[in-house]
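Per Swiss-Prot, the feature region 'Disordered' maps to 43-85, 216-247. The DNA-binding region annotation in Swiss-Prot covers 67-79. According to Swiss-Prot, the feature domain 'PPC' maps to 91-229.
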Amino acid sequence: MANPWWTNQSGLAGMVDHSVSSGHHQNHHHQSLLTKGDLGIAMNQSQDNDQDEEDDPREGAVEVVNRRPRGRPPGSKNKPKAPIFVTRDSPNALRSHVLEISDGSDVADTIAHFSRRRQRGVCVLSGTGSVANVTLRQAAAPGGVVSLQGRFEILSLTGAFLPGPSPPGSTGLTVYLAGVQGQVVGGSVVGPLLAIGSVMVIAATFSNATYERLPMEEEEDGGGSRQIHGGGDSPPRIGSNLPDLSGMAGPGYNMPPHLIPNGAGQLGHEPYTWVHARPPY
């Protein structure tokens, strides 16, 4: 006998559909796997974001950057050079001197002897001290020469001395003196100039001298002047380069025969040759 329809419905209600339940279980398992995967990706992204935040400098933080120092590294270039020692003076150099002339000595004669002994020209720049018994040449004085007795203070002392042959007027001293009563006299020293106490003289010496006559002739403008270099290992002899001037005299200069060049009647560019001895150190 056939079952009524409600029997079938009740039977269906009590039955469990295994296919539906298994499908639901598979879907739940798949969703749980997706959830775990999403969670892992989210965790990885959060860790990456944390690392990025740690790498980025925060506000107020000091960023230290290792930079190369400017300039060359030490020892690469510009190394210290060995010092240069000059063991020989230049022949054209001037040498400064402070000369102390002792009491009772003739100032002019002492400086002239110093020039001949060292074989160097001496240029007197200044002097201080007291002198006595002075003989000066003055144009206004009777006979051109005046002798002064007593003590005088040196106001100015200048001049030059050459060790070798030289024209008149190129060597000597010019002095200005102050007397005890305040009078001032001066002129070229032509006699003794005796030192009272110590007389200090500031001078410069040189080893080369070239004689020039001015104004220069037109044909001499491009020739230049000759010069003798002293102080070498084999210095020239005195008078070796001076021409023979016999029978020629300059009326305006009253030059000795050995200083008039080549018998031409005019003075050219003539050097003075001195034997330069090495001075003691």
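Don't overthink the numbers, they just go from 1 along the chain as shown.
Cβ coordinates come from backbone N, Cα and C, glycine included.
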Overall pLDDT for the DNA-binding region (67-79), taken as the rounded mean: 71
Counts by DSSP class (helix H/G/I, strand E/B, coil) across the domain 'PPC' (91-229): 18 helix, 70 strand, 51 coil
